[in-house]
Amino acid sequence: MANFALRLPSTNFRSFSISASSNGAAPGNHIGKSQNGGPVILELPLDKIRRPLLRTRANDPNKVQELMDSIKQIGLQVPIDVLEVDGVYYGCHRYEAHQRLGLPTIRCKVRRGTKETLRHHLR
């Protein structure tokens, strides 16, 4: 697996560690990057992820509760899909479930996109 240096913008980041894996496995003590430039698996602090359209569209509360129950019982089995646009991460139902459970971090499959990609993704 290839190693890379992760550079983050210096905007009020508190100290935290990031692990990555290109194969979807649980992160270890290394930082990896997909060989083909595809998504990367990262363990991100929840306070670095936002909910898109938070003011205009709510998540299904029953789905969020079911996810919370599942995460409490068996943990997160598959990384959540997160879209990174201009250094900001966006997540949805499983992100909200983790947030409501008070968990500090979440394993994410991060895809890079543009504001147009985000708009299109939310239709």
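Counting starts with 1 at the first residue shown.
Backbone N, Cα and C atoms are what each Cβ position is placed from, and that goes for glycine too.
Curation does not apply to TrEMBL; its annotations are automatic.
TrEMBL annotations:
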{"type": "DOMAIN", "residues": "42-118", "note": "domain 'ParB-like N-terminal'"}
{"type": "BINDING", "residues": "Gly91, Cys92, His93, Arg94", "note": "ATP binding site"}
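Features per TrEMBL, on structure.
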residue	record	Cβ neighbours (10 Å)
Gly91	ATP binding site	23
Cys92	ATP binding site	21
His93	ATP binding site	16
Arg94	ATP binding site	24
Report the DSSP secondary-structure composition of the domain 'ParB-like N-terminal' (42-118) as helix, strand and coil residue counts. 30 helix, 24 strand, 23 coil
